[in-house]
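I have placed the structure first, in the form of structure tokens, so that the comments after it can refer back to it.
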Amino acid sequence: MHGVSHPLGRKVFYWLDLLGVAVFAVSGTLAAGYAGLDLLGVVVIAALTAIGGGTLRDLLMGRHPVFWMRDPNPLYVILLTALLTMLYVRVYPPPMGTLLWADALGLALFALSGAQIAEAARLPALVVVLMGTMSGAAGGVLRDVLTAKVPLLLRGDIYATAAIAGIALYLLLQAVGVRRPWAFGFGLATVAAMRGCAIVWPLHLPVFRL
Amino acid sequence: MHGVSHPLGRKVFYWLDLLGVAVFAVSGTLAAGYAGLDLLGVVVIAALTAIGGGTLRDLLMGRHPVFWMRDPNPLYVILLTALLTMLYVRVYPPPMGTLLWADALGLALFALSGAQIAEAARLPALVVVLMGTMSGAAGGVLRDVLTAKVPLLLRGDIYATAAIAGIALYLLLQAVGVRRPWAFGFGLATVAAMRGCAIVWPLHLPVFRL
Amino acid sequence: MHGVSHPLGRKVFYWLDLLGVAVFAVSGTLAAGYAGLDLLGVVVIAALTAIGGGTLRDLLMGRHPVFWMRDPNPLYVILLTALLTMLYVRVYPPPMGTLLWADALGLALFALSGAQIAEAARLPALVVVLMGTMSGAAGGVLRDVLTAKVPLLLRGDIYATAAIAGIALYLLLQAVGVRRPWAFGFGLATVAAMRGCAIVWPLHLPVFRL
């Protein structure tokens, strides 16, 4: 989907990325449901949550056309996922526990793949961290802004922080000679693990209040 | 204004497009008035409503410079419209009925012309629908976000839905061999008619509430 | 930082621009503190306030990569400034008076430098005014949207208005034959002075209320 060679093999990566899209689309659909939006609103919020971060990254990096314009499969995944999610929650309660864990995996995937894209464009390390974090976390911010909330991301919780740590580790390991596939794996695991800890225990960044 | 050849003739299209800008600028000006913004705020909201959708489309498609940079006439139309609207409502009550119908026409025009631009760039059909809908409806979303509301678009009402239906018909008719000018006309009429029905009768998409 | 030759000399301009970034980062950090965000939220809001306007300008003008991607120094300035600000206000009260004046200088610098970039791209005068004003004032709008407020800019206060006036004067003086460095200086002084007056006296644009 992103047109860069990838340590896990491009095929595997493509499917993992679509999985990430699906997970984020579920989270967007549920958020839209809690805000009481209509069917179209649901699809819009699902799409913004799932591809908003990557779209912002592509815009900032000047990658045209934006990734889902070349290959609209992410869009079909979003439509299908939103539909299935709405049907599912008519029968069963929303699987919030499972969702949180799937979301942690989605964050890890998007953060590391976004970082790789910025790395391939030879951007400075700090910008690589920023682009990766944005790919993983900006969709949720857009979701919150559109439903008129102060973005969750900005209020507490270890979320983007996990992405930052994992990407930093990925760059650091490569700098000390670790090969890219291994660095990628360790980075991925770090994001997922840190986010997982924040799900299990009430970890928060310190709040700055005036 | 958009640099693509156009079935209605480029001149006619250019003026229709400026008319759409004016209509949306009126709607933005009134929204700013209800939010109690100052003169500059009025102009900003009028401009975002009128050219926000097309600007977003141009950014996502990588069309540089953005349409109103090459030809700033839409900007002058916005300034003039905002001014006249503010003067008008000092004397007469806001013509909400007329405005709704003019807005339906604006939506139809922007949706179909946006779709055509995406079509000319040979984007996939789903992306054409998305770009057209965004051209027509995203300005109103920006207006609502900037005045700190949950966007109207996401909460109910047939609006973007009308754009989606009209653009889909436009593509479908061409696929079965109807010539572009006719397909364009039918698409335009569909958007305006669906939106018109939603003005007359309380039509809503089903709401998804958790 | 912007890759255009500059009347004050490129070196001086570069440092002045970083100073503007620092000032806006302080203002973003304080806003985040009043909204009770966490450390990461503070950095995000500080960054959006400081480089949001210039980033939007670069996106709209199709300048890729965006300015802070080529040279990440503004990002380091933001990180450092946010940190120092948080430490400072643990000990001393926020220096709101000083900050307002520094912000006036930042606005003037960003507005004029943004206008120059648009001027160098030979955009129409109205678009030059718009790009400059956006460079100076859009960061604060993003800050307010992200903390779920109706942007201050839209509600009152002479702010963007000062930028518009200063840039218009800059263009006007050049049109009547004044040399660019002088026009730049007069424009800069006008923005800062108008903003300064609005700090000292309660000046507001008329409000349009329906």
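Every residue gets a Cβ built from N, Cα and C, even glycine.
What TrEMBL records for this protein:
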- B:14-88: domain 'Glycine transporter' (DOMAIN)
- B:100-174: domain 'Glycine transporter' (DOMAIN)
- B:12-33: transmembrane segment (TRANSMEM)
- B:39-61: transmembrane segment (TRANSMEM)
- B:73-92: transmembrane segment (TRANSMEM)
- B:98-118: transmembrane segment (TRANSMEM)
- B:125-146: transmembrane segment (TRANSMEM)
- B:158-176: transmembrane segment (TRANSMEM)
- B:183-204: transmembrane segment (TRANSMEM)
Could you check if the transmembrane segment (B:12-33) is in contact with the transmembrane segment (B:125-146), meaning 3+ Cβ pairs under 8 Å among residue pairs at least 6 apart in sequence?
yes
Which one, B:73-92, B:98-118, B:125-146, B:158-176, B:183-204, has the most C-beta pairs under 8 Å toward the transmembrane segment (B:39-61)?
B:125-146
Secondary structure tally of the domain 'Glycine transporter' (B:100-174) (DSSP, helix then strand then coil):
62 helix, 0 strand, 13 coil
